[in-house]
Ligand code: SAH
Ligand code: SF4
Ligand code: F3S
């Protein structure tokens with residue numbers, strides 16, 4: 001019988017990508033994916049960014065422990081693996097607090113999971129070291145990507161592709177430089193090879209990922225430096241790539257060339273996640289963000305000159321140490337000026353080991369109240385943006401079926417989710433194609449539309465096309 005594998009993923013897109021790679025490695029070895037937590041192998045791919053993420057891990061571990069104990073009554077084993085950023089940051093503390101965890105691996109060592117699982121199983125059979133958890137959280141010299149040669153097992157339309165990892169920016173509130181390590185870019189040829197494999201598997205959109213994706217720096221086979229914008233041009237040349245996106249970009253790395261790429265590459269979507277974090281120069285400085293509000297807004301301006309319809313999204317942190325009411329007000333003003341199409345906002349969460357954690361903290365109630373006020377503004381601009389598309393016809397890349405029969409779900413170039421009802425049972429053939437959709441309604445989180453030319457509903461005369 002195949003062993004079953006259940007993977008639980010917390011955190012950012014990079015973790016989602018890593019979980020996909022872990023699943024690919026293990027399914028090749030004969031493990032079968034299970035939706036149930038009561039599986040032979042349970043892997044938690046964790047996030048350490050805010051305290052809440054860490055709390056969630058330990059509460060979920062408590063739940064899985066009950067399942068592991070129950071299995072024992074039936075003489076069945078369960079191997080529990082904690083991977084990802086909390087594994088890196090907390091290390092042996094996890095094994096101490098949750099002694100039933102068998103393996104802790106960091107984000108740079110998850111390629112070792114198959115051999116470590118085999119070791120755990122061997123040790124169990126020979127009963128040499130029962131119940132002793134293994135810790136592998138180093139930063140190996142050889143990148144995990146060099147060992148991740150397993151073919152991509154992709155089903156879907158929009159494919160994530162990790163091209164860069166780690167961070168050297170050391171924002172004073174953030175754990176990422178400690179959990180993911182120093183900036184590292186995958187070699188250009190590896191990236192292109194993986195991109196081709198994903199496109200061959202039917203991907204129509206590539207989302208290039210990195211903690212600082214625009215800090216990407218590699219060399220081509222002639223030894224010449226390749227920047228992130230050059231990588232985008234190379235990706236746009238690949239056969240079958242309808243759309244390109246990337247995240248997360250740091251404002252400091254928005255080079256002239258990268259901004260120009262938004263003008264020149266038709267597949268590069270007019271939507272950019274460009275986190276600002278705060279609208280006050282004092283707070284930006286305390287955060288060590290290394291740009292000013294004025295610099296940030298000038299980048300947004302240049303992006304708009306390059307691509308007039310570009311939609312911007314952001315992350316915000318409210319209540320960072322030293323943020324005064326006046327500072328916070330500046331953040332609100334910036335949000336109003338930029339009119340974000342979408343945004344994430346968080347209460348500052350003090351993370352052990354980071355410089356901001358040592359400063360005088362702002363009371364929870366103040367942070368909560370500020371978050372509430374900022375979110376009102378962000379919700380308003382998001383809804384206004386979505387409603388502004390009413391009556392407009394947009395090219396929508398369809399990704400999957402909706403919950404209701406005949407309903408299909410796709411994305412506009414601006415990353416908005418669009419629901420369309422199809423007739424004549426054509427929903428299957430529409431998935432993976434771009435269709436012109438007339439937007440009928442704009443809501444806070446989604447749009448509703450209809451095919452712009454209803455005659456087109458008589459598939460197979462459909463033409464999928466680029467923008
Ligand atoms: N590299 C990206 C962000 C990665 S983390 C960048 O520099 O923009 C994703 C988001 O989590 C950050 O943009 C920030 O808004 C938020 N974040 C990071 N550390 C945090 C903390 N300690 N408390 C609250 N939010 C935090
Ligand atoms: Fe964290 Fe700053 Fe690096 Fe982003 S740039 S990952 S916020 S340290
Ligand atoms: Fe979380 Fe690690 Fe991503 S801390 S946000 S999973 S890089």
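Glycine too: its Cβ is placed from the backbone N, Cα and C atoms.
Among the features that TrEMBL reports, domain 'MTTase N-terminal' is placed at 3-122. TrEMBL lists 12, 47, 85 with the feature [4Fe-4S] cluster 1 binding site. Among the features that TrEMBL reports, domain 'Radical SAM core' is placed at 153-386. Annotated [4Fe-4S] cluster 2 binding site per TrEMBL: 167, 171, 174, in sequence order. Marked as domain 'TRAM' by TrEMBL: 387-453.
The binding-site residues near residue 12 ([4Fe-4S] cluster 1 binding site), taking a 10 angstroms Cα-Cα threshold over the set 167, 171, 174, amount to none. Compute the center of the Cβ atoms of 12, 47, 85, which mark the site for [4Fe-4S] cluster 1; besides them, the chain residues with Cβ within 8 Å of that center are 10, 11, 14, 15, 46, 48, 49, 53, 84, 86, 176, 179. Of all the binding-site residues listed (12, 171, 174), 12 has the fewest other CB atoms within 10 A of its CB. The binding-site residues near ligand 3, defined by a Cβ under 6 Å from one of its atoms, are 12, 47, chosen from 12, 47, 167. Applying an 8 A CB threshold to same-chain residues 6+ apart, the list for residue 85 ([4Fe-4S] cluster 1 binding site) reads 11, 15, 46, 47, 48, 49, 106, 107, 175, 176, 179, 180. Counted within 10 Å of its Cβ, the other Cβ atoms near residue 47 ([4Fe-4S] cluster 1 binding site) come to 22, all protein chains included. The Cβ centroid of 167, 171, 174 marks the [4Fe-4S] cluster 2 site; residues of that chain outside this set whose Cβ lies within 8 Å of it are 169, 170, 173, 175, 176, 177, 211, given in sequence order.
Over the domain 'Radical SAM core' (153-386) the predicted model carries a mean pLDDT of 97.
Listed in sequence order, 174, 176, 177, 180, 182, 183, 211, 212 are the same-chain residues six or more apart from residue 167 ([4Fe-4S] cluster 2 binding site) with CB atoms under 8 A from its CB.
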